[in-house]
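Engineer: Supplied in structure tokens, the structure appears directly below.
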Amino acid sequence: MIKIIVVGNGMVGYKFCEKFISKSGQEKYQITVFGEEPRRAYDRVHLSEYFAGKTAEDLSMSTATWYEENNIILNTSELVTDIHKENKTITTHLEQTYSYDYLVLATGSSAFVPPIEGVEKEGVFVYRTIEDLDAIMAHAKKIKQNGATEAAVLGGGLLGLEAAKAVRDLGLNAHVVEFAPRLMPRQLDKGASNMLRSKIEELGIKIHLSKSTQYIDGDKAITGMMFEEEELLKVDMLVISAGIKPRDELGRGAGLEVGVRGGVVVNNKMQTSDPNIFAIGEVALYNHMIYGLVAPGYEMADVAAEQIMQGEKTMRESIDMSTQLKLIGVEVASFGDPFIEHQEGTPIVYENKLNGIYKRINISKDGKALLGGILVGDSSDYNTLFQIYSNGMAIPKNPEDLILGARGGESSSMGSAMDLPDTAVICSCENVTKGSICCSITDGTAETFGDVVKLTKATSGCGGCKPMVADLVKDAQKSLGKEVKDVVCEHFAYSRQELYDIIKINKFTNHNEVLGTIGKGDGCEVCRPVLSSIFSSIYNDTANKHVTSQDSNDRFLANIQRNGTYSVVPRMAGGEVTAEKLIAIGEVAKEYNLYTKITGAQRVDLFGAELNDLPAIWKKLIDHGFESGHAYGKSLRAVKSCVGNAWCRYGMDDSTTLAIELENRYRGIRSPHKLKGGVSACIRECAEARGKDFGVIAVEGGWNLYICGNGGANPKHAVLLAEQIDKETVFKYMDRFLMYYIRTAGPLVRTSTWLEKLEGGIDYLKNVIINDSLGINATLEAEMQGLVDTFECEWKQAIEDPEMMKRFKHFTNSDDRDDNIEYIPLRDQKMPKSW
Amino acid sequence: MEHVLDKYNSVALNDVKVWFKAGKTSDFPADGGNCIKYKDKQIAVINFERRGEWYACQNVCPHKLEMVLSRGMIGSAEDTPKIACPIHKKTFSLKDGSNLNGEDYKIATYPVKIVEGEVLIGFIE
């Protein structure tokens, strides 16, 4: 028998045994395990669940009979005190001597206690073992009886935060004290830490950052912690969780090589400086690092087991420290290199304070690789990001899509969903892989997107993966040779452009006519608004017509908000407004207690209007000379402008006047998606016109007209259509461009995406608009002029017609309001209570 | 907050004890809905004119618990009449209230009958 002694019975020591006995040839070996703790190895990762009522037995890694069944000798409560590597023996504190052929050190680590004066005082604990937890619970009970309420945790790392939750669960007010200026300093950057902090503080845990503790106050027992500058935090208990210290004293005593800051040095075979002695887990110093995570510990256990059995397996050069966990109910994940401090990449950060979400991805300088990242509050992207990072896969041209996803029906978030490996988790809510989505189509169990959803439950959670799943389904269908037609929905076998032409040629005027003649079924929330928009583009029907087939916002001529109330945006063409009109807006906002905000389109948005109040609000605004701003429509929103040469000393032309003229010409016209414009009076471009669907910039000798840009999800600069043209030509080209877009784009396709998909691109479009290559320009201009001539403010229309007004009422049979609406304060205003 | 949903349980035609007059048929737009109030309940009433059918369901969308379903758009999925919530376009069968996006939550539905131009909704209390 070859004798193996394992020193240490923690998670990694246990895993070594488990791995070893699963290998062939293990019968020739006898394993003996020594553990200083009185119990079998237990799950230290979930230690805090002990507070939540789990027993030591629940946390145990194995059953009571496991060691015996597997012929492993387990000696608990027996501490190994010396190794005599010359004669391959060890002695224990019971003065027993045992011999070995191979020795495995899995002594793990102990809590690192910083050398602070007074740490020995009563009421100061570490957070490491079940015994520590028992002592903490007993002490908490005692001090609570004496009226104490405050307790602190030293250390804002992963374990420290777990400990803080445990302390809070014991009924004490928890304070987390961290020396670094941020929480989880090894995993999170400042922004992520701030987000995590606000989430944790919402739960009643106080966070104290950048605090250096000078000494522990109190006579015999702790009464407080003294920070720099005489700042005292009064607490009656302190739990120290400030990091780990490898338990290397045994190896050190035996003369094995140890690191400067502790840890037994190992090579990639997990061998120490003595080839018969191995070290694994948190005691092992590999590549100058101690790995405090369980996954690398387990891998080390496997490598050591293989090596002892003369196997080939070695430890990887770089160990992945990616983690995804739920910390006090907050999702936190970090992967790859979360910081990229060495300038080899560029971070992209998304922060949403309202929802408590922070996302950061680090992209290589060449924009081709994902180097790492951080997710707080929502780690649903973790799987995909981790796949891309760990497989070194190509990333989308607009890497921000990786964390922002596709929005507003624009192009899909990952142009390259098909490039993912089959194992990539596409729907992380339901844990559905790319393989299972594609297979369900290719093996015939599913035919459509709907079938796939039913079968796999993909997209049924947060829904964020919908575009990716749809792409995969489409691609899988294509791979079967099926024709995938770009149809609007199940009710029509036509694209939007085809529907537009059919409706125009047949002079169809309502939904039932179109559905009955060329469609099937009753329509749906996808095709009905498309038809409404087409009727509008052809006949200039306002949204007061086909009311029940108008999209959510158009139906009530206002933008529906989170709580079912609406927001109101009057038009302020070019962002120009008189003092009187501004006062009028202010008075309306005051009267109806509306949250007021300046929008990005140089106008004012009033939020929180109840359905019943919309007509009265609009009546007042219209009486003061306002009209609908169409902020709710798939139509022209606003034309932003700089002040121009009326005031500006650099202005080359009158940008504000042109912006107002453009806005007033194209207001109210329904299009496949929203439209935004901008006019700048010089190349300094204060109006950000090139970030718009159309942008006009004054230059020497006229105006430059740019088209098909946008901000938002995939920012795109508008491209030059024509240079140094006069105002009249600007309008001529604009008429043609907009009308051509309205006729040919797919539903909810912005101009930039439309251009991207247009065969021939900008050169083709120039040819159509400038050279009239299709011979349709006279028609396009006439159609546009028809729309311009028949413009009507739909809000004015609505408030003047009692029949139309009927819909602005929450209850048909009562004047009561919706009593489900609740607000909470937001600075000096209000916002809806959270979902 | 979950208690909002507890108020709404589907009523089968056979169990109806009270037929509540919700209004005249002309109070409800063609191929669309409106909300009515019955005791402390908000009920969406749908005039599915295309099919010559009427439906009633809870007004609260079970997804985010906002009182908005009556403002949603009607339609059909295969042959099932449905309504889409105006906030996130979650769709529900008007026949049995089941969610058509493969999600777990569903809505309560109530029987409707039309008597001499009056819309009556069936409740058990």
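Any Cβ shown, glycine's included, is placed from N, Cα and C.
Pulled the feature table from TrEMBL, pasting it below:
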DOMAIN    A:3-306  domain 'FAD/NAD(P)-binding'
DOMAIN    A:322-385  domain 'NADH-rubredoxin oxidoreductase C-terminal'
DOMAIN    A:425-474  domain 'BFD-like [2Fe-2S]-binding'
DOMAIN    A:561-621  domain 'Nitrite/Sulfite reductase ferredoxin-like'
DOMAIN    A:633-758  domain 'Nitrite/sulphite reductase 4Fe-4S'
BINDING   A:CYS642, A:CYS648, A:CYS682, A:CYS686  [4Fe-4S] cluster binding site
BINDING   A:CYS686  siroheme binding site
Engineer: Same chain only, sequence gap of 6 or more: which residues have a CB within under 8 Å of the CB of A:CYS642 ([4Fe-4S] cluster binding site)?
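Structural biologist: Sequence-distant Cβ neighbours: A:CYS648, A:GLY651, A:SER655, A:THR656, A:VAL679, A:SER680, A:ALA681, A:CYS682, A:ARG684, A:CYS686, A:ALA687.
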Engineer: Using a Cβ distance cut-off of under 8 Å, indicate which of A:3-306, A:322-385, A:633-758 has the most pairs with the domain 'Nitrite/Sulfite reductase ferredoxin-like' (A:561-621).
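Structural biologist: Selected stretch: A:633-758, with the most Cβ pairs under 8 Å.
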Engineer: Using the centroid of the Cβ atoms of A:CYS642, A:CYS648, A:CYS682, A:CYS686 as reference, list every other same-chain residue with Cβ within 8 Å of it (recorded [4Fe-4S] cluster site), in sequence order.
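Structural biologist: Near the [4Fe-4S] cluster site, the remaining chain residues are A:VAL643, A:GLY644, A:TYR650, A:GLY651, A:SER655, A:SER680, A:ALA681, A:ARG684, A:GLU685, A:ALA687.
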Engineer: Tally every other Cβ atom lying within 10 Å of the Cβ atom of A:CYS648 ([4Fe-4S] cluster binding site).
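Structural biologist: By my count, 16.
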Engineer: For a three-state summary based on DSSP, what are the helix, strand and coil counts in the domain 'NADH-rubredoxin oxidoreductase C-terminal' (A:322-385)?
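Structural biologist: Taking the domain 'NADH-rubredoxin oxidoreductase C-terminal' (A:322-385) as a whole: 4 helix, 35 strand, 25 coil.
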Engineer: Which residue counts does DSSP give the domain 'Nitrite/sulphite reductase 4Fe-4S' (A:633-758) for helix, strand and coil?
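Structural biologist: Counts, helix then strand then coil: 43 helix, 36 strand, 47 coil.
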Engineer: What are the DSSP helix/strand/coil residue counts across the domain 'Nitrite/Sulfite reductase ferredoxin-like' (A:561-621)?
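Structural biologist: Per DSSP, the residues of the domain 'Nitrite/Sulfite reductase ferredoxin-like' (A:561-621) fall into 27 helix, 14 strand, 20 coil.
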Engineer: For A:CYS686 ([4Fe-4S] cluster binding site), list the number of other Cβ atoms lying within 10 Å of its Cβ atom.
Structural biologist: 18
Engineer: Restricting to the domain 'Nitrite/Sulfite reductase ferredoxin-like' (A:561-621), what is the model's mean pLDDT?
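Structural biologist: Averaged over the domain 'Nitrite/Sulfite reductase ferredoxin-like' (A:561-621), the predicted model reaches a pLDDT of 96.
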Engineer: Across all the protein chains here, work out how many other Cβ atoms are within 10 Å of the Cβ of A:CYS682 ([4Fe-4S] cluster binding site).
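Structural biologist: I get 19 for this one.
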